[in-house]
């Protein structure tokens, strides 16, 4: 899915005692392991006292085996200190799993989430698929803590999924698969067989839809939704009719890593577990070892040293034509920046040259997101946001990650999702 859709999920968020293991064909070749270790180090180094405390990163660190114990301890402390009132059900679910994977007691977070999910209902019968992402995380977290108490919640959630007819979303489908697989594997002995039948039916439906998103090159949806989809396809008790070539997917992801596509810490957190042979179902089985630093094996051939960068010109347009919004505009500016600069630098230079291009950002688990341009701000209630496009193609990276090329036309379009 497009980068913004992943960010949107962050706004809305956000086995029965046995360890799971991805299929052997998914194993990363030993020669490529330093490549995977390299992105893990990059992810762990993003953890600082001033950074957004991201539970997905802590889960990935613990499932993979953390290298940077100081970062691990800092992030654990930050999440333990988080205010439950500031968290959505998805964020609360992730935080519970992150603390569980750190062998820490989540305290009252579990009972709070339990109560919230008992009162949960979608906003409408055909709510967007992304509206089910946070509840999927919540059910997965609750399943790992008390599956029996979670059963009525999961049954209602599964029936709601069956009745929903909104367009399919790979990330949401993958997370729902993990949640319902946990419930399927933990149905109490002596319970009605109808529970297993219901969960199996929903899982079969979702997994078939995920399999329809597998591209010829192995990518599932897009490169940033592939990590969660790999987890889902590797553990589901209801495999799809279409065979999944896990090796092809793994090889393609490794190739994307070589090309530098995985440098955003959140994108690394979502792909790392699968590359390490783990899934979110392994969270309760993480063994917390005594404190000792582990030095990873990293790639031995560093890239070429820095060279003096030439300037490039980026054509930048801001556009708002939404009815009901007072200020309508379509303005274009040519901006000169150093080659290799991220899009954020382009926006800053445009703002310096013309106050009409003034913008504001918000920090999320996926990094900086542009929340306002020319005093027109996104609004969750109105489902409006600033979408960035290259030509007519939505960008799949954020402004702090995307690197524009010479004479590229970037448009920031105020639109609705």
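Using N, Cα and C of the backbone, Cβ positions are placed for all residues, glycine too.
Quick look at what Swiss-Prot lists:
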SIGNAL    1-18  signal peptide
DISULFID  26-246  disulfide bond
DISULFID  103-288  disulfide bond
DISULFID  143-182  disulfide bond
BINDING   171, 222, 270, 365-370, 386-395  cob(II)alamin binding site
MOD_RES   191  phosphoserine
CARBOHYD  311  N-linked glycosylation site
CARBOHYD  330  N-linked glycosylation site
CARBOHYD  334  N-linked glycosylation site
CARBOHYD  413  N-linked glycosylation site
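Under the three-state DSSP scheme, residue 330 (N-linked glycosylation site) falls in the strand class.
Under the three-state DSSP scheme, residue 288 (disulfide bond) falls in the coil class. Cα of residue 171 (cob(II)alamin binding site) to Cα of residue 182 (disulfide bond): a distance of 17 Å. The Cβ of residue 392 (cob(II)alamin binding site) lies under 8 Å from no Cβ of any same-chain residue at least six residues away in sequence. In the three-state DSSP assignment, the secondary structure recorded for residue 386 (cob(II)alamin binding site) is strand. Long-range C-beta contacts of residue 386 (cob(II)alamin binding site), restricted to its own chain and to partners at least six residues apart, with a cutoff below 8 Å, comprise 370, 371, 372, 373, 378, 412, 413, 414.
When secondary structure is read from DSSP and collapsed to three states, residue 413 (N-linked glycosylation site) falls in the strand class.
Separation of the C-alpha atoms of residue 365 (cob(II)alamin binding site) and residue 103 (disulfide bond): 23 Å, rounded to the nearest whole number. DSSP assigns residue 395 (cob(II)alamin binding site) to coil, not to a helix or a strand.
In this structure the alpha carbons, written CA, of residue 395 (cob(II)alamin binding site) and residue 334 (N-linked glycosylation site) are 19 Å apart. In three-state terms derived from DSSP, residue 311 (N-linked glycosylation site) belongs to an extended strand segment. The two recorded residues residue 246 (disulfide bond) and residue 182 (disulfide bond) have their Cα atoms spaced 21 Å from each other. For residue 26 (disulfide bond), the nearest neighbour among the recorded positions 103, 191, 288, 368, 389, judged by Cα separation, is 288.
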